[in-house]
Amino acid sequence: MELDRWAQLGLVFLQLLLISSLPREYTVINEACPGAEWNIMCRECCEYDQIECLCPGKKEVVGYTIPCCRNEDNECDSCLIHPGCTIFENCKSCRNGSWGGTLDDFYVKGFYCAECRAGWYGGDCMRCGQVLRASKGQILLESYPLNAHCEWTIHARPGFIIQLRFGMLSLEFDYMCQYDYVEVRDGDNSDSPIIKRFCGNERPAPIRSTGSSLHVLFHSDGSKNFDGFHAVFEEITACSSSPCFHDGTCLLDTTGSFKCACLAGYTGQRCENLLEERNCSDLGGPVNGYKKITEGPGLLNERHVKIGTVVSFFCNGSYVLSGNEKRTCQQNGEWSGKQPVCMKACREPKISDLVRRRVLSMQVQSRETPLHQLYSTAFSKQKLQDASTKKPALPFGDLPPGYQHLHTQVQYECISPFYRRLGSSRRTCLRTGKWSGRAPSCIPICGKIESTPSPKTQGTRWPWQAAIYRRTSGVHDGGLHKGAWFLVCSGALVNERTVVVAAHCVTELGKATIIKTADLKVVLGKFYRDDDRDEKSIQNLRVSAIILHPNYDPILLDTDIAVLKLLDKARISTRVQPICLATTRDLSTSFQESHITVAGWNILADVRSPGFKNDTLHYGMVRVVDPMLCEEQHEDHGIPVSVTDNMFCASKDPSTPSDICTAETGGIAALSFPGRASPEPRWHLVGLVSWSYDKTCSNGLSTAFTKVLPFKDWIERNMK
């Protein structure tokens, strides 16, 4: 007992300490306040008087609330100020009762109304809207407060759509329906496509969704109240309303849409049209052509064809169809398209990518004959004008792509100044359906350079000079490692895909064994000996085939000539152009007295030499040496040689300065003289450096060249 007393005294002491620690106006907790929710609102003057609450517009007491605190003027505040006594205007009936022995939930839990008007729910009757999943039902909103917002989402079963009918509509009217309104959307949310927005009191027509859901939104603004609205909904199918006329069968598809299967004699989306027995009159064939039924049911009789018949048209000989190739007999008894005609025309000739064509504007051509001159002298000018020959009319009608009208002229030119045209520059479409003249083509201009070379001119570029590189198969004495490329010879470009070179450059030493094409490449547009100084404009081309002359002798180096076929076409430019091939008629008997230009790179140059970086393509003049004299020169040096008919010897011309040593550079030999294609001088390939025993470049021994002229036909056969 003593222990219990001391415990109670301890609790009282603790309570006094807690009270002394609170702020002044909250120092006393009024235990009479009904629950902790009220304590924060209660002052020391908290009263127990009951405050009566009334429903809006009514005088009878419908509820009470306590306590109510006094304000600064020591007056009891109105119950409407405190949220515990605010009763929503739309309550259908308010909760009755007084503060009794038990705690009423009138204020504390927020339940103010016992019953709400239809469509509203919640303790304050302010909540509305819901998700509806039913085959049928209703949406009823009895009256509505200010600033209300309600949403309903109606879901139907898959394969069904929703029909919504308004039984009553009483909202504030506005032409734009922007104050109080009901908005219906075709979907399940407020972002779905809107069907329509309604206001006022005029009931709308029934509304149908396209899918299985419908969204209904109600909104009211801050003024005026009306009676609300009432709508019923039900699940239906697109066929529920029997949309097909004349006993047509309504068929549903997977999307919920419908199609009507019409009975015989009816047509239309809903079988609403009576199908008349129609047909099309027979189409005649075009002049200089004929027709053929290619699809559909075909002829009804000799003069008519059935609906759905397709007729195709064709032309005879050199005539071309202008207009629709096919026409179809349509449901209305009319033919599709327009009747075509057969016209004389020419198919455009095929041209290469190097040829540019231009169709000239249509002009009717006429010719003056002796008869015209006779009339001009025998008759007066007036009579001549009256009796003048009428010029034919210009052709009409569109032609298929790739055809041109009669008398059309087409002009041709090469796409680049580095090419020259062969064939006609202008061709005319004749009445026979053929083109006048010869088909044009463009070939590269050969043997032309920007400036005439001279031994005194430094830096002359020879655009047909081809550098032949070979890939190493082992360690080279010069420090080249396996797989590195090194310059072995010079060749001559003779067309976009062909290079002529000495055969010993592309075979194993002393053998007729051809090296692999993968171990060979051709570089065009090269000028400097050092590969690092080459311009970006050079072209590195792969080799697709190596054609060795069948009579090549690897011991005597007789017939020392080969053709390289390029895998990729050379791009013709100022730096890359072919050289011409000379004919027997071009080379006169004065060939022995000719001054021949030889060009090539120093293939034996030392890469460590100070001048290697600036070393360029060398060239110089040589003169032809008599074959017997050439053999005697070598015999005097103890070197027996044979100069065959496929060779010629030449040595440096002492009368002209030169920087070339043919024994070190190899290279190609060329002559400049007017060719058959142009009176201007053109450079022609006449020889390839084959062999030389002049180790010191002292000109004591002549260099042997392979003659190109005897192999011209063989080269041209392999150029194709």
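Using the three backbone atoms N, Cα and C, a Cβ is placed for every residue, glycine included.
Here is what Swiss-Prot records for this protein:
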type     : residues      : note
SIGNAL   : 1-21          : signal peptide
DISULFID : CYS128-CYS150 : disulfide bond
DOMAIN   : 128-236       : domain 'CUB'
DISULFID : CYS177-CYS199 : disulfide bond
DOMAIN   : 235-272       : domain 'EGF-like'
DISULFID : CYS239-CYS250 : disulfide bond
DISULFID : CYS244-CYS260 : disulfide bond
DISULFID : CYS262-CYS271 : disulfide bond
DOMAIN   : 278-344       : domain 'Sushi 1'
DISULFID : CYS280-CYS329 : disulfide bond
DISULFID : CYS315-CYS342 : disulfide bond
DOMAIN   : 387-444       : domain 'Sushi 2'
DISULFID : CYS414-CYS442 : disulfide bond
DOMAIN   : 445-720       : domain 'Peptidase S1'
DISULFID : CYS489-CYS505 : disulfide bond
DISULFID : CYS630-CYS649 : disulfide bond
DISULFID : CYS661-CYS697 : disulfide bond
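All features noted in Swiss-Prot, drawn onto the structure.
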| residue | record | contacts (Cβ under 8 Å, 6+ apart) |
| --- | --- | --- |
| CYS128 | disulfide bond | GLY119, TRP120, TYR121, LEU141, ALA148, CYS150, PHE218 |
| CYS250 | disulfide bond | ALA238, CYS239, SER242, PRO243, CYS244, PHE258, LYS259, CYS260 |
| CYS262 | disulfide bond | CYS244, HIS246, GLY248, GLY268, CYS271 |
| CYS442 | disulfide bond | SER352, LEU354, VAL355, CYS414, ILE415, SER416, TYR419, ARG420, ARG421, LEU422 |
| CYS489 | disulfide bond | ILE468, VAL501, ALA502, CYS505, ILE603, GLY666 |
| CYS630 | disulfide bond | VAL641, VAL643, CYS649, SER702, ALA704 |
| CYS661 | disulfide bond | ASN602, HIS618, ASP694, CYS697 |
Long-range Cβ list for CYS177 (disulfide bond), cut-off under 8 Å, min separation 6+ in sequence, same chain only, gives ARG197, PHE198, CYS199, GLY200
Rounded distance in angstrom between the Cα atoms of CYS280 (disulfide bond) and CYS342 (disulfide bond): 23
For the domain 'EGF-like' (235-272), what's the mean pLDDT in this predicted model? 82
Inter-residue C-alpha distance, CYS342 (disulfide bond) and CYS329 (disulfide bond) (nearest angstrom): 21
Taking DSSP H, G, I as helix and E, B as strand, the domain 'Sushi 1' (278-344) contains 0 helix, 31 strand, 36 coil
Count of other CB atoms lying within 10 Å of the CB belonging to CYS239 (disulfide bond): 15
Alpha-carbon spacing, CYS315 (disulfide bond) to CYS329 (disulfide bond), which is rounded to whole Å: 21
